Every structure is written in C-alpha cells, then in structure tokens.
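Some features that Swiss-Prot has for this protein:
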BINDING   316-317, 348-353, 390-394, 425-432, 451-452  NADP(+) binding site
TRANSMEM  54-74  transmembrane segment
TRANSMEM  86-106  transmembrane segment
TRANSMEM  126-146  transmembrane segment
TRANSMEM  164-184  transmembrane segment
TRANSMEM  191-211  transmembrane segment
TRANSMEM  227-247  transmembrane segment
Amino acid sequence: MTHSLTMAAYIVAGVLFILALRGLSNPESARNGNRMGMVGMAIAILTTLLSPSVQAYAWIVLAIAIGGAIGTVIAKKVLMTALPQLVAAFHSLVGMAAVLVATGALLNPEAYGIGSAGAIHAGSLVEMSLGLAVGAITFSGSVIAFGKLQGLIAGKPVTFPMQHPLNAVLGILLVVLLVVFAATESHTAYFALMILAFALGFLLIIPIGGADMPVVISMLNSYSGWAAAGIGFTLGNPLLIIAGALVGSSGAILSYIMCKGMNRSIFNVILGGFGSEGGVAAAGGAAGDRSVKAGSAEDAAFIMKNASKVIIVPGYGMAVAQAQHALREMADVLKKEGVEVSYAIHPVAGRMPGHMNVLLAEANVPYDEVFELEEINSSFQTADVAFVIGANDVTNPAAKTDPSSPIYGMPILDVEKAGTVLFIKRSMASGYAGVENELFFRNNTMMLFGDAKKMTEQIVQAMN
C-alpha cells in the first residue's frame, strides 16, 4: 500500500472515530456510534497490516487470535454490573502497552526507525520518556482502581502522614529523570523512571475513595489516551496519535464535567482522601437516637399504585443487586395503571461515567424516560413518589444544608421535595462519602430494608 493511500485510509478512520464519539454521546445513537468506531478500527488495523514495514505476520495473527479469544470470553462472561472494573482493567492494558512499546524502542531503535543504540533521535527520546511515564502511571493506577471496584482493596481512602509532600517530591524527581534520560539516553535513568512512574500511579489512586471512582475512571481513561498517543509518536503512526488524543481529550473533558457535577475541582480528586466507608446501624432501627419509618413491599406497592407521578432514582445499590430488570418490570406495571414514570440520573451515580444509563439500557428502559439531574430536578416537587434504589450520597440533603459535610456543595437530586420518598437500602449504613443521609429521617421518607432486586420483585408481586 502506497504512503498516500495509507494516509487517506487513516484520515477516513480518524473521521469515523470522531463520529463514533459523537454517536456515543447520546443513548439513541450509541449503537451507530459503536458501529462507526468498529469500522474505523477495522480500517486502521487492515491499513497497518498492509504497510510495507510489517513483516512478522505469524506473530501478529497469533496475537490477534489470543486477544480475540480473551475478548470473546470477557464479552460472554462479564456482567453489565462489572463494567467499571472491566474498564479499569482495559485502561491498565493500554498503559502497559505504552510501557512495552517504549522499552522495545529503547532496546531496538533500528526496528522503529528512530536511530541506533546510543544515538536515538532527541525527539524520539522525549516521546519515549513521556509515553513511558504516562503509561506506567496509567497501569498501576488502573490496577488499584480495579482492586477497589472489585472489592479486593478497601474502597475507603488509604492515607498516611506526609503523603502529599511525598507525591510532590516523586513528581519533581520524575521530571528530573525525564530530562536526564532525554539528554543522555541512560538506561539506568529509563528504568528508574519506569519504577518511579509505577509507584506514583499507585500513590495517586490509593488515597481516592469510592465516591470519586467515576471521576477516577474518567481520569484514567484520559491518561490511557495520552499513553496511546505516546505510542503513536514512538511508532510514527499518525492515526494512533489522533485516536489517543481523542480519547485523552474526551476523558479530560468528561472528568471536568463530572467534577463540576460534584462541585469539586479535579485537583481535590487527585489529592484524594475523600470517600470513606461508613459505619452500619441496625436495619429498620435507629441511627444514633433518631428513628426512621420502615415499610414493607406491600406498603410501597399501595403508595405507588395510587400515585399519578413516580420518579425512579437508581444508584450503585441497583447495580450491585442487578435489579435493573425488576425495576423496569415494576415501571411497566405502574404505567399500565396510568402512572407517569420517569428516571432521574445523577452524573456521578454508580462507579463509572454513565453507569446507570448502561444498566437501564440493558433492561430496555425507553430512552425518553431517562433524564439527567438538570432536566428533572425541578420535577420532584410535583412528583407523588420518589423511588430511590440504592442512590445514597447523591440524594443527601446535607450537601445543601451542612457546611461541615464532605459532600457540601455537591448538586444532588431533590428527592426530598416529592410527596413520599421510598428508599430501598440493605441497612442504615452511610454511603461511600462516609456521611449519614439526612433523607432517611425525613417525615415523608419510608425505608424499605432489604436486597434491591428482591424488594423490587416483591413490590411487583404486591401490585399484581
């Protein structure tokens, strides 16, 4: 394939990637967006395989077969509720790919056309060192995020004295090693840089609590994009640079939007220490010296069947219990009774960007019934019932009333303004932010203690 034809194919693939991002921004066009991304990637892979510089086809076919087999198994086995940790795992692979490509270029620069051993082009040294640093941070940070999301590591922040000064010192040392390697091509500086970047990725993510996981996933997505762009520079592949820049910039923009939705700066999230695990009070009982009103599935069924407008607020509890299908079934029963049903989604509900949207889409919930915070918040005051299923911190009125609360200033869903709040929860445990939800003790709140899926199924049975 000629160079001109290769560049033309890369441009087509790049345009398809941009259109894919545009399509994925809306649930109704997400399938088409996915298809365009797949076609773009197919064009990119075929074009690269037809490049004159590609010779070891046997190794490439073997790698594709192994990767394809693993991907097929993952697609069939992994549940929709496990998508956040799957995304984190994929980010780690991109980071490690950047590390391996940079290392391969250092050890065999002739194969990459960037010079010879001891005489690598200055620009390539800078590209390699940046790709290595970002890739290593992405890898170790994503591994920690995966561990937290999978429950292998405690979701609460892990902090220790002088943590931030240590990170600052390591950051400065990282920059120094970058400069030293770029100036001297020292293998010692390179591998020291690699170890330091791995350590920094670990130290940056370990103090971040579960409440910030959606932002962390988005941030790591951005890192993986820049790592891919670094690989593109090392390999001299313009499409990889374009794709990496698209992922990196979109991830950064999404991180900013989500931080804005939490009324927090990205620097607060990176510094960590927010999102501790809360204690547990007895289900159906009192938290401290305050009591709550507990109800049954029959109570909830009676209240909702006699309502005219119900707003459903899904959260991480729905994801854990895999209650999305039972929830849609309940909504269908309500609609048959003439009840107006809609869904309210908080931008940081769940453990990754769009987590609730993905689960509701899997349950075939109509897109026109799903609304973001800004679109639906004013509707709670006219709703007869707000049905909250495992959405804790994002419904806590303390975010508006208690300046001492760690979530103070975070925009919340105004569920307390509904006529009745039905709140499904396993116990009186606080959310990932580690603060008690004042909503539990409101006069118009009825707690429904139990597994979200089982409770919803019992409500459906009671309605029938």
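Easy rule for this one: first residue shown is 1, then count along the chain.
The backbone N, Cα and C atoms fix where each Cβ goes, and this holds for glycine too.
Projection of Swiss-Prot feature records onto the structure.
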{"residue": "Tyr316", "record": "NADP(+) binding site", "CB count, 10 Å": "27"}
{"residue": "Ala349", "record": "NADP(+) binding site", "CB count, 10 Å": "26"}
{"residue": "Met352", "record": "NADP(+) binding site", "CB count, 10 Å": "24"}
{"residue": "Ala391", "record": "NADP(+) binding site", "CB count, 10 Å": "31"}
{"residue": "Val394", "record": "NADP(+) binding site", "CB count, 10 Å": "30"}
{"residue": "Ser427", "record": "NADP(+) binding site", "CB count, 10 Å": "15"}
{"residue": "Asp451", "record": "NADP(+) binding site", "CB count, 10 Å": "17"}
Cβ pairs under 8 Å between the transmembrane segment (191-211) and the transmembrane segment (164-184), at least three: yes
Three-class DSSP secondary structure - Val394 (NADP(+) binding site): helix
Within-chain partners of the transmembrane segment (54-74) [C-beta distance under 8 Å, separation at least 6 from its ends]: 48, 86
Long-range environment of the transmembrane segment (86-106) - Cβ separation under 8 angstroms, sequence gap at least 6: 74, 78, 112, 114, 120, 124, 128-129, 131-132, 134-143, 145-146, 149, 187, 190, 194, 201, 217, 220-221, 223-224, 227-228, 230-231, 234-235, 352
Same-chain residue ranges lying at least 6 outside the transmembrane segment (126-146) that approach it to Cβ under 8 Å: 85, 88-89, 91-92, 94-99, 101-103, 105-106, 120, 152-153, 174, 177-178, 181-182, 190, 193-194, 197-202, 204-206, 213, 216-217, 220, 223-224, 226-227, 229-231, 233-234
Three-state secondary structure, Tyr316 (NADP(+) binding site) (per DSSP): helix
